[in-house]
Amino acid sequence: MSDEAPWPYFPVFLRLQAEPVLLLGGGEVAARKLRLLLRAQAQVRLVARALNEEVAALVAADRVRHLAAEFEPAQLDGCTLAVAASDDAGLNARFAAAARERRVPVNVVDDAAASSFVMPAIVDRSPLLLAIGSGGGAPVLARRLRERLEAQIPAAYGRLAAFMQTHRARVKTLEQSLRRGVWERFVDGAGAEALLRGNEAGALAELDAAIAQARPKGEVYLVGAGPGDPDLLTFRALRLMQQCDVVLYDRLVSDAIMELVRRDATRIFVGKSRNLHTVPQDEINAELVRQAQAGRRVLRLKGGDPFIFGRGGEEIETLMAHGVAFQVVPGVTAASGCAAYAGIPLTHRDYAQSCVFVTGHARKDGQLELHWDQLARRGQTVVFYMGLQTLGLICQQLIAHGLPGDWPAAVVIDGTTAQQQVIASTLAELPAQIDAGSIKRPALLMVGEVVRLRAKLAWFGARAP
Ligand SMILES: C[S@@+](CC[C@H](N)C(=O)[O-])C[C@H]1O[C@@H](n2cnc3c(N)ncnc32)[C@H](O)[C@@H]1O
């Protein structure tokens, strides 16, 4: 313990809003205390035989309840605070003793010895309040000091404090350790000056600038994780995976790839599967912004390539709109990965001079609106992403638009992983060979004469024919 002088009282500010307070006395002194208690929004009950004009008016206006009876100790029951301000010293003493007995904090005006709390001299710049106490021992000195402070502290400090109270939430978007510095910069700088001159918009702009300056610079890495085999990650993807603070990943990112993300990074699953969007896209976008604005390095890890059926464009559009820094790392898209691991080249000098990637994801009404006449062409390979559930419809439309029923088509399930499965067949026969409903893994449909090359070129995995 230090050898500093002990305090006779502990200074606190008490919330009295709607709290019951008993005030004894109806004269000038009681009126002064009553005004203060009403400023604090207390529910004042007043015991007095006679009321002066001001008190009577407040009673008449229902601002205070008058107990027009003799004081009785039971009137103190349930009170949060009690104040004795009558001109009868004996009555005040009995009131104080009864309050102390009930452990109700009590103040007896001008009698510190009988009081369990004292009222300070106040400099009011609401919501800023300065309370000056002398432990009841030197109230004149406390009042002198108050007069000096009254003269020195501009009246507009109330507005300054109210402004700071109103905009606390803005500063609270920063990490705790940064908030104080922002307020100090604001109070000591152009922000407070602007407000004291009455320029609230200018003050707000200064505050926002101080917040922006203090905010650590977060960044988003939009990274393509490839189709499944971790060896297909790019060097840059791996480097960013190992330096992120938080990762948002979806269903297509394999466990083996998640193993390579920095161990202590926070993992947020935003997984998507057909017709079951676990987290809606705009919430994912908002979360990316929130995390980056909190100063974190955010890894947005996506299966395949972020810009191929990956909604990566929408995500960076939101980041741009919020001024969040980002970089995009391409990944091996499912078509490339599946083609390579299934031994089905996407193009070939003799069989396919072009290659088209299409989504086979049906609309809500089950329909697929595609340019079938352009897809049902010879000399090209067509790769359908998300086409397993519409496989029957796709094969049927391609035949209807001119491709022969024995045109080669293959489904690759879980491409590039140890579980890869390839079903190579024809447009006419493939739908009957696959029970689409029972396949829960990602699958790709490849259509074109290149599929025939698999018979010769398959190299990967035990399942190769
Ligand atoms: C929403 S898309 C995402 C595509 C991803 N951005 C890409 O570039 O590969 C999901 C579809 O990709 C295909 N897909 C992804 N990974 C696959 C894999 N390992 N094997 C087969 N198909 C895959 C499936 O058709 C799946 O329905």
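Even glycines carry a Cβ here, placed using N, Cα and C.
The active site, proton acceptor annotation in TrEMBL covers Asp250. Summarising the annotation, TrEMBL assigns active site, proton donor to Lys272. What TrEMBL records for Glu28, Val29, Arg49, Ala50 is NAD(+) binding site. The S-adenosyl-L-methionine binding site annotation in TrEMBL covers Pro227, Gly303, Gly304, Asp305, Ile308, Thr333, Ala334, Met386, Gly415. Residues annotated as domain 'Sirohaem synthase dimerisation' in TrEMBL: 156-211. Residues or ranges marked as domain 'Tetrapyrrole methylase' in TrEMBL: 220-430. Per TrEMBL, phosphoserine is recorded for Ser134. The region 'Precorrin-2 dehydrogenase / sirohydrochlorin ferrochelatase' annotation in TrEMBL covers 1-207. Residues annotated as region 'Uroporphyrinogen-III C-methyltransferase' in TrEMBL: 218-465.
Across the domain 'Sirohaem synthase dimerisation' (156-211), DSSP helix (H, G, I), strand (E, B) and coil residues number 47 helix, 0 strand, 9 coil.
All protein chains shown were included, and the count of other CB atoms within 10 Å of the CB of Pro227 (S-adenosyl-L-methionine binding site) stands at 29. The 10 Å shell around the Cβ of Ser134 (phosphoserine) contains 18 further Cβ atoms across the protein chains shown. Ligand 1 lies within reach of none of the recorded positions Glu28, Val29, Arg49, Asp250, judged by a C-beta closer than 6 angstroms to any of its atoms. Between the CA atoms of Ala50 (NAD(+) binding site) and Ser134 (phosphoserine) there is a gap of 32 Å. Ranked by CA distance from Arg49 (NAD(+) binding site), the recorded positions Ser134, Pro227, Gly415 have Ser134 at the top as the closest. In sequence order, Gly25, Gly26, Gly27, Ala30, Ala31, Ala48, Leu51, Asn52, Val55, Ser86, Asp87 are the same-chain residues whose CB sits within 8 A of the CB centroid of Glu28, Val29, Arg49, Ala50, the residues recorded for NAD(+) being left out. Across the binding-site residues listed here (Val29, Ala50, Ala334), the residue whose Cβ sits among the most other Cβ atoms within 10 Å is Ala334. Across the residues of the domain 'Tetrapyrrole methylase' (220-430), the predicted structure has a mean pLDDT of 94.
Around the Cβ of Ile308 (S-adenosyl-L-methionine binding site), a 10 Å sphere holds 19 further Cβ atoms from the protein chains shown. Listed in sequence order, the residues Gly226, Leu252, Phe309, Gly310, Gly331, Val332, Ala335, Ser336, Gly337, Cys338, Tyr385, Pro442, Leu444 complete the 8 Å Cβ shell around the S-adenosyl-L-methionine site centroid, once Pro227, Gly303, Gly304, Asp305, Ile308, Thr333, Ala334, Met386, Gly415 themselves are left out. In this structure, the C-alpha atom of Ile308 (S-adenosyl-L-methionine binding site) lies 81 angstrom from that of Glu28 (NAD(+) binding site). In this structure, Glu28 is the one among the recorded positions Glu28, Asp250 with the smallest number of other Cβ atoms inside 10 Å of its Cβ. Taking the Cα of Ser134 (phosphoserine) as the reference point, the closest of the recorded positions Glu28, Val29, Pro227, Asp250, Ala334 is Val29.
Across the structure, Gly415 (S-adenosyl-L-methionine binding site) and the residue listed as 'active site, proton acceptor' are spaced 17 Å apart at their Cα atoms.
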